[in-house]
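**Student:** Before I ask anything, here is the structure I am working with.
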Amino acid sequence: MAGLKGLLFGGILFAMCGGLSEGQKKKEMVLSDKVGQLMDWASKRPVIRMNGDKFRRFIKSPPRNYSVVVMFTALQAHRQCVVCKQADEEYQILANSWRYSSAFTNRIFFAVVDFDEGSDVFQMLNMNSAPTFINFPPKGKPKKGDTYELQVRGFAAEQLARWVADRTDVNIRVIRPPNYAGPLMLGLLLAVIGGLVYLRRSNLDFLNNKTGWALAALCFVLAMTSGQMWNHIRGPPYAHKNPHTNQVNYIHGSSQAQFVAETHIVLLFNGAVTLGMVLLHEAATSDLDVGKRKIMCIAGITLVVIFFSWLLSVFRSKYHGYPYSFLMT
């Protein structure tokens, strides 16, 4: 009797092990098919286009031993999403840099879901804005850090690469296609300057023109203090359109980020305040008649008061709790 029980127990154990083995083999086959299909798509196009069915099969459904970075966007012309197109260009640069690097493996894939091709995915994730970047790890659900902070970090390929490295430990060296516009513009500028110097070679007094140098220095200072360098490094969007109200925001609500339009606004305000100060100085020191000096003084005061008030209001909107204001809140 004891021998019969042992034989029965052994049979059950063998059947269970066989079942587990078959299940494991099936799981490995499914995983192998998924990875093989993704590798095939990635070899043809570094950014894999996905609809709802592909998203559920290759990203939401187990098994998975790879990460997938997905850009949720709206690239169709009737959506009028300028930021989506700009972000897509940077995303393509990042994906191409990974695809054609010597370190390319099946650890990570890059995909895109367009709203017009996968609106059900947007509904599944309760997503109501685009573009949005999310990293789907090999195991578990995406955490808070797996959603890219676009408004803070911008969509430059280099910033996306740092975020990918932080979330997946995959380091991507971004390689941009050659851009000859910069060197051509620099060469044209040098040619124009060289031509002017050659034509005026008999009289180079214009190089000592204080007004010209002052204007050049002023333009440089206004550009730098308005945040142009930050834009160059981070690549932020020009503005943000609320998908619910269609209201366009030109000023970012956080002190940690800005829009390109915001830079232009601040540059205009700073320039107007500077012009007002120049007019006040000229009104006090010039030899013009009293009437013209009064007009210059009034214009200078008006420019300083109005545009400095607007500048402070912009500052207050970004740094919540800032106690000071002037005329405008």
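Glycine too: its Cβ is placed from the backbone N, Cα and C atoms.
According to Swiss-Prot, the feature disulfide bond maps to Cys81-Cys84, an assignment based on similarity to another entry. Annotated domain 'Thioredoxin' per Swiss-Prot: 41-169, in sequence order. What Swiss-Prot lists as N-linked glycosylation site is Asn65, and the listing cites sequence analysis. Residues annotated as signal peptide in Swiss-Prot: 1-23. Marked as topological domain 'Extracellular' by Swiss-Prot: 24-178, 234-258, 316-329. Among the features that Swiss-Prot reports, topological domain 'Cytoplasmic' is placed at 200-212, 280-294, with the record citing sequence analysis. The transmembrane segment feature in Swiss-Prot is assigned to 179-199, 213-233, 259-279, 295-315; the stated evidence is sequence analysis.
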**Student:** Restricting attention to the topological domain 'Extracellular' (24-178), give the mean pLDDT.
**Tutor:** 88
**Student:** Report, as numbers and ranges, which residues of the same chain sit near the topological domain 'Extracellular' (234-258): CB under 8 Å and 6 or more residues beyond its ends.
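**Tutor:** Residues packing against the topological domain 'Extracellular' (234-258) from afar: 81-83, 86-87, 90, 128-130, 150-156, 159, 227, 265, 314, 317-319.
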**Student:** Could you say whether, by DSSP, Cys84 (disulfide bond) belongs to a helix, a strand or a coil region?
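**Tutor:** Looking at the DSSP assignment, Cys84 (disulfide bond) belongs to a helix.
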**Student:** List the Cα distance (Å, whole number) between Cys84 (disulfide bond) and Asn65 (N-linked glycosylation site).
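**Tutor:** Cys84 (disulfide bond) and Asn65 (N-linked glycosylation site) have their Cα atoms 29 Å apart.
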**Student:** Name the residues of the same chain, 6+ apart in sequence, whose Cβ is under 8 Å from the Cβ of Asn65 (N-linked glycosylation site)?
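**Tutor:** Correct list: Leu31, Val35, Pro138.
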**Student:** Long-range neighbours only, meaning 6 or more apart in sequence with Cβ under 8 Å: which ones does Cys81 (disulfide bond) have?
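**Tutor:** For Cys81 (disulfide bond), the qualifying residues are Thr73, Ala74, Leu75, Ala130, Pro131, Lys241.
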**Student:** Per DSSP, Asn65 (N-linked glycosylation site) is which: helix, strand or coil?
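**Tutor:** Coil, per DSSP.
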**Student:** Other than its own, how many Cβ atoms are within 10 Å of the Cβ belonging to Cys84 (disulfide bond)?
**Tutor:** 23
